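Here is the structure we will look at.
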Amino acid sequence: MIFTDITTRASVTKSMGMEEKPKKLVILYASQTGNAIDAAERVGREAERRGCPVSLLSIDDFDPSCLPEQEIVIFLVSTTGQGDNPDSIKVFWKFLLQRNLTQNWLSSVSYAVFGLGDSSYQKYNFVAKKLDKRLSDLGATAIVERGLGDDQHPSGYEGALDPWMPTLWKAIYQKNPKLFPKGPECMTSNTSLMDQPKVQITYHDVDEGALQFSSIPVATKQLKIADFKLLEMQIESTRFILPGKLSGKHPPDCFLKMVKNDPLSKADSGKDVRHFELEAISSSIEYEVGDVVHILPAQDAAAVDAFMKRCNLNPESYIRVEPRDNKENGQSHDLRNTLKVPIRLKTFVELAMDVASASPRRYFFEVMSYFATAEHEKERLQYFASPEGRDDLYEYNQKERRTVLEVLEDFPSVQMPFEWLVQLVPPLKTRAFSISSSHSVHPNQVHLTVSVVSWTTPYKRKRTGLCSSWLAGLDPQKRVLIPAWFQKGSLPSPPPSLPVIVVGPGTGCAPFRGFVEERALQSQSGPTAPLLFFFGCRNEENDFLYRDFWLFHSQKGGVLSEEKGGGFFAAFSRDQPQKIHVQHKMREQSVKIWNLLTEGAAVYVAGSANKMPSDVLLAFEEIVSKEGGVPKEAAARWLRALEKAGKYHVEAWS
């Protein structure tokens, strides 16, 4: 599928006496993990099938000052964390908030917003909702009610996108019938588009590729600076091919090695939680408590080999990958999205294509159907790709977390060209982890607290998390390179003078281990404000993470001691018939919490995104209402004001 860039030279065209090209349907996406770009590409494909000229761009590639010049703009935006903007929309959003923009700045613009979120989070689809409101405030007209995709829906965001799109096409047709020459229902066959993948691949002789860009093993005893630079170049160059889909597209901030891999939970507890200590070996590292580190995991070598064999790929061939649309539209190549030098095909797959962990999208099955030679396979794939087959596809694919390799093996007659595989196989993504150490205490190390992910599917298939399982299997005695990127988290580092109330059940305690380390160090050179910590787990004996660490700092004079005005309180939910969670311990300490809040304390909450953040917020509301002597509605407003003032922070994950 070819999507052309936005034409922004209308005034120049007119001045030259040339006929102005018809306006295009502009589709802008803001994606953090890839879902929004997948949804945007699907909207673009459906529009093109109706004969509509389309411009599809990541929102950070669009000049927001050009927004008033557009006729119809479709926004597909994700919400990350607790209502946070994806990185790609931050500049655009800041531009929209300028005070000099008038109420009729976008009066000539029509728009539609589709959000991608998760209703288990408190601020469900918050980015889509606030974007919708801001566009309306600036005079733009919504041509259709915003759509809200929900990860909790049995079919994911497509459960809302499927019924939203027909309404969108009708609204666009009413606004400008010229965009759909034969009407919103008349569609061309996708068959004519199947020879147009978005990337093109050039193959090079092995000798030529080896000379320019040799492959570097990720595990070796002796590595020189030049080796690191080569590996950095491989990672950066390879991961720039699919813009908008990958975090950490620039070179890694550093390479880490595992120096400690210790279990924190008991072997028979039903959970495997690990403490990892990683050391920088290529360059120095910098971070603050509350930051996160993104890690690029290695894929299982046997799975990569099986994928190469299944797709009849020569692992030793050297390739260059570049966007097809740039060349075909007579535009200069954007070198950022092109492999600068040939790279070994197997290395490209290892670094960029998630072949044995992520599940493919619905479009993957649609494209597969065109390359299936067995009739029964073609029919099944066509059914999966249709709206009628959406639920069955979910049962087969997403619910079972079937991988690309498994799907290809289930349809042996399909032989997809490598160009389509590069475009459609989910990208290998970095995984983000809260840092559980203080850089001041461990200058060249980063510590992580990781629950090793594993589960059983409805059909009793054992699945494991790619990155957590890979980290858990690393031997500290072996020098395995771990590419890492550091990023600001949603829990800002508190100054030593700020009283802090932290709530971190389970692995949510990770960032607060760093908080305690840092404040303990600060207390050696001057006074520090109280630190009150509420921890929770299932059993005191099985999964009391960092027990000795917390208890040590809770002793007389420690930063978690009641003598210092703080405290450490643990809730063990399954050690008694009546379940006890962190919110119960909070209510028991309501006076202490209220006193700290009135002294200007900040609140930090981290852990599971399910019910925990809302249960904790409700406990705070009850405490403020009870101890402050105000109605619960007033307590809720007081806490919202605390959040707006930057003193109530939440970091939660699914």
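Glycine is treated like the rest: Cβ placed from N, Cα and C.
Within 10 Å of the C-beta of ASP118 (FMN binding site) we count 20 further C-beta atoms, all protein chains included. Under the heading FMN binding site, TrEMBL lists 31-36, 78-81, 116-125, ASP151.
Annotation source TrEMBL lists FAD binding site at ARG401, ARG431, ALA432, PHE433, SER434, GLY465, LEU466, CYS467, SER468, TRP653.
Of all the Cβ atoms in the protein chains shown, 15 others lie within 10 Å of the Cβ of ASP615 (NADP(+) binding site). The NADP(+) binding site feature in TrEMBL is assigned to THR507, SER573, ARG574, ASP615.
When pLDDT is averaged over the domain 'Flavodoxin-like' (25-169), the result is 91. Positions annotated as domain 'Flavodoxin-like' by TrEMBL: 25-169.
Taken from TrEMBL, the feature domain 'FAD-binding FR-type' applies to 251-499.
As a whole number, the greatest separation of Cα atoms within the FAD-binding residue list ARG401, ARG431, ALA432, PHE433, SER434, GLY465, LEU466, CYS467, SER468, TRP653 is 25 Å. Residue counts for the domain 'Flavodoxin-like' (25-169) under DSSP, helix first, then strand, then coil, are 58 helix, 34 strand, 53 coil. If you check the binding-site residues SER31, GLY34, GLY81, TYR124, SER434, LEU466 against SER573 (NADP(+) binding site), none has a Cα inside 10 Å of its Cα. Listed in sequence order, the binding-site residues from ASP118, TYR124, THR507, ASP615 having a Cα within 10 Å of the Cα of SER434 (FAD binding site) are THR507. Across the residues the record lists as binding NADP(+) (THR507, SER573, ARG574, ASP615), the two Cα atoms farthest apart are 18 Å from each other. Put simply, GLY34 (FMN binding site) is 17 Å from ARG401 (FAD binding site) when counted between their Cα atoms. If you compare Cα positions, LEU466 (FAD binding site) sits closest to GLY34 out of the binding-site residues GLY34, TYR121, TYR124.
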